Amino acid sequence: MIILGVESSCDETAAAVVEDGSRVLSDVVASQAALHGPYGGVVPELASRKHVEAILPVLGEAMHEAGVTWGQVDAIAATQGPGLVGALLVGLSAAKALAYALKKPMVAVNHLEGHIQAAFLGREELTRPFVCLVVSGGHTALYRVDPDGTTSFLGSTRDDAAGEAFDKVAKLLALGYPGGVEIERLAAGGDPHAFNFPRAFIDGRSLEFSFSGLKTSVATFVRQHGPPSESGEQGAYRLADLLASFQEAVVEVLVNKTVRAAGMCSVGDIAVVGGVAANLRLRERFEEEAGMHRFELHLPARRYCTDNAVMIAAAAYRTWKRSGFCLDPVDLDARSRWF
């Protein structure tokens, strides 16, 4: 079965053609990072306008790269939510139009379920339950996922998502957007134990997250100590040490709570997905914990951590296997909140 997937929930316009939920025939992503960089974050109105410009070229390129005709496509899939509603509408409307015009069945995909599916691309689906950490610029949440696809919410952030905290600290220090990539690069040369930043809800059984206090703590430190230096001369602090310490605080909380959730749910498998799952320090710490606690760790390839349409097409295939497609795409509408 060949599925054309479409993704436009935030600031990437993406399309992909995937066969049988795992064989990637094409994978096209048009990033808007340069557009939003001067603002230090995504501007929703600009994002939706850019999606309008990019959607048809991206769809055409995906079909050309896949080497298939429209007649060979068995179904259309698109992200329905959650995300920026104006951005979602562009990809969803394009997919609905294609499904209607070509008389193809369609499935609407939950963006977070797409991320979860990214951890198992090219692999067999788990036949046992697992705990999944979804961690990105817009989401930081824990779920229990059962073999039949049932997803149970375990806990999420009370304020900022982890990726949002990375972006806000990067903006504070004028590091550019997206901030996570630059912070990771600079933190690699720093001491993660140089500064003891707060870890919210780190003790006890809570599965909730909070990163606003950590972000504020970094801002307060910079305000009190002034700008960093490159080498730390004359008692000044190094930027690399500051960023490494901030990153370590985020990573410790994410790892601690995810492992705790797995223990509370009595499961032996953990998946970590979403844009922040591309962070090498986070992956390293989870791998260390997997070795210590003997759980099976499932990580997407780094290129599939950020938003893409491969995961949407793959998730649609799994949905079809479970319950079939939505045969009337006309009634589908974007959902800014879902789960």
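Cβ from N, Cα, C; glycine included.
Residues or ranges marked as Fe cation binding site by Swiss-Prot on the basis of sequence analysis: HIS111, HIS115, ASP307. Residues or ranges marked as substrate binding site in Swiss-Prot (evidence: sequence analysis): VAL134, VAL135, SER136, GLY137, GLY138, ASP167, GLY180, ASN279.
Here the features listed in Swiss-Prot are placed on the structure.
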| residue | record | DSSP (3 states) |
| --- | --- | --- |
| HIS111 | Fe cation binding site | helix |
| VAL134 | substrate binding site | strand |
| ASP167 | substrate binding site | helix |
| GLY180 | substrate binding site | helix |
| ASN279 | substrate binding site | coil |
Neighbour-count leader, CB within 10 A, binding-site residues: GLY138, GLY180: GLY180
Length of the line joining the Cα atoms of GLY138 (substrate binding site) and HIS111 (Fe cation binding site), in Å: 11
Using Cα positions only, nearest of the binding-site residues to GLY137 (substrate binding site) (HIS111, HIS115, ASP307): ASP307
Other C-beta atoms that fall within 10 angstroms of the C-beta of ASP167 (substrate binding site): 25
Pairwise CA distance, VAL134 (substrate binding site) versus ASP307 (Fe cation binding site), rounded so that it is a whole Å: 12
Annotated substrate contacts VAL134, VAL135, SER136, GLY137, GLY138, ASP167, GLY180, ASN279, maximal Cα-Cα distance (Å, integer): 17
Distance check against GLY180 (substrate binding site) for the binding-site residues HIS111, HIS115, ASP307, keeping those with Cα within 10 Å: none
Cα-nearest neighbour of ASP307 (Fe cation binding site) within the listed binding-site residues, VAL135, SER136, ASP167, ASN279: SER136
Other residues, Cβ within 8 Å of HIS111, HIS115, ASP307 Cβ centroid (Fe cation site): GLU7, SER9, THR79, GLY83, LEU112, GLY114, ALA118, SER136, GLY274, ASN308, MET311, ILE312
